[in-house]
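*Asks:* To start, I am sharing the structure in question, which I have written as structure tokens.
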């Protein structure tokens, strides 16, 4: 009952926050509500920014903190990983409505929220312009301007205000450990597309915002305004630096550039720091509090990820597949649990100290409580170099790796379907490995109804079929795959028969533990949500204390006791510095406290049983710890088709069951084809779900 009450309260608070955005452009808000709030919140401790923080910043940070408590209670009660057996009320809204186009595959729910967001921008634009143009004739005559020139200047101002709405929502989707995203059942991986949409809209609006002012200054012979850095009012130079930084990020994020030169896109995107800093200098900290909440939560998440990335993790073994694929097995803290399709970000300093690559976790936290596995296929330069290092015939005693994560959904809803149809192309099979292992574990434990499974996987070459071996874990766990109703249809598209040279056995490399290595664990320990809520709340309180002391005993005496007005840029600089200090202090304290508690797990990895030093570094059959019965059951459930592609339409329409979950993982073309079939209306029992796989 407590959690239901908390959830209802948070929903009402969030609706009130959204209502605030609807009221912002209105005359009622600017002439009545805002002056009344400022008159009651203006103080010698926070100044004019106090009211802005109270209205825009505090509600979201409060929701994020209370959301952490809500999620912590759910984890304690065991609700976080409960499967949803009943058909969701929102199943229809989650089905695709747009399949092809610039937005990709879009569901009814996504289209509805996108439409509402566009309507909010349109409503705000109309309201701002109507208010600004109401007495534009008198304003133009007083300023000695033509009416269209005055309208151009006001249009530039309105576009700047509209762009801030986009900035307010820009950072929420890319906050990986966000309690707000978890509350609404989303993950940052699934929300990246929303960040892209909002980013494109924001940069389009800000581009026209800048053009309006440039044309206005050129027309009115005020080009000197381009170099203006006003101490009190808006700083134009800062806005131009922010806009140029945004242009660089925008240009390199275009699909053609991002896919061909991903590293250029990745490194250029770090200009977001420059963009945010100079945006604050441009508008002042008091006004930037409107867009502060999303960036504040992102900053906490980013600093925690930085702390986690400094720790080397224990790489126990690497299983080398002949299809230029490697499975990495890390030591994991038994307290760490994650859902199927979760991902981790991996860094190998021996290849690149700066590059972090996301990979889908293939292991199951219930089946393998002390191990975490990922699969890396040799495709790009980074993964190819990794495969070459690990497959080298020279022995390797140790391999340095760092990990961020894991990140993933709070729970999955696979059990609510009668039949699961999994469609993968190439490396897209990796998230299905974790799903199948989860279902194997549940089937062996009993007590739940497991749906029938049809796995349709397409590979280019027959040697890639060895990836099916990864469905069964390399461990001593007794798993009986025969209790799972699974059928595997494998298609080899570029070969018409099996190639005899593909009989190379799997190999396993065993690594020695290092004293500095630690098992993979949550950055804030098993009570991570509670710690995150504590960091959010305590860091904000510390920030308020610091800025309150500065304002009361330094800034306020200057403003009141002299004719000098304290500079907006200096005030903004102090605010940004105090935010960074508060977040760094609280996050580091929480991290070090949990690291000390995890020292026991670190000692356990040092005492792990490993092959003796006299053993070879890898064994031709050392990985074949698979029980013979599970392996035979896997072979019997697999049928291989050579020289053909799967007829997806026929396969999906022939599926039996009142509820058929269709899960797709693979190239965009495959996802679009399956989404088109599911949205065609030929079968009402098909429920489409796309997975963003990484390898």
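Note that Cβ sites are derived from N, Cα and C of the backbone, with glycine treated the same way.
Unlike curated entries, TrEMBL annotations are predicted automatically.
Got these off TrEMBL a minute ago, pasting:
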type     : residues : note
DOMAIN   : 308-413  : domain 'FAD-binding FR-type'
TRANSMEM : 54-73    : transmembrane segment
TRANSMEM : 156-175  : transmembrane segment
TRANSMEM : 196-218  : transmembrane segment
TRANSMEM : 271-299  : transmembrane segment
TRANSMEM : 529-554  : transmembrane segment
TRANSMEM : 574-593  : transmembrane segment
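Give me the structural setting of these features: burial, nearby parts and distances.
*Replies:* Within its own chain, the transmembrane segment (196-218) has Cβ neighbours under 8 Å at 103, 114, 117, 121, 149, 152-153, 155-156, 159-160, 162-163, 166-167, 169-170, 173, 225-226, 236, 239-240, 243, 246-247, 249-250, 253, counting only residues six or more beyond its boundaries.
Listed as Cβ neighbours of the transmembrane segment (271-299) (distance under 8 Å, sequence separation of 6 or more from its ends, same chain) are residues 47-49, 52-53, 56-57, 59-61, 64, 164, 167-172, 174-175, 178, 180, 234-236, 238-239, 241-242, 245-246, 248-249, 536, 540, 568-569, 571-573, 575-576, 579-580, 583.
Residues 44-47, 61, 64-69, 71-72, 75, 177, 179, 296-297, 300, 304, 574-575, 578-579, 581-583, 585-587, 590, 594 of the same chain sit 6 or more residues outside the transmembrane segment (529-554) yet have a Cβ under 8 Å from a Cβ within it.
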*Asks:* Over the span of the domain 'FAD-binding FR-type' (308-413), count residues by DSSP class, listing helix, strand and coil in order.
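*Replies:* Each residue of the domain 'FAD-binding FR-type' (308-413) counted once, the result is 13 helix, 40 strand, 53 coil.
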*Asks:* Counting only residues 6+ away from its ends, which parts of the chain sit with a Cβ under 8 Å from the transmembrane segment (54-73)?
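*Replies:* Distant contacts of the transmembrane segment (54-73): 2-3, 6-7, 9-10, 13-14, 16-17, 20, 37, 41, 80, 168, 178-180, 182-183, 289-290, 292-294, 296-297, 410, 527, 529-530, 532-533, 536-537, 540.
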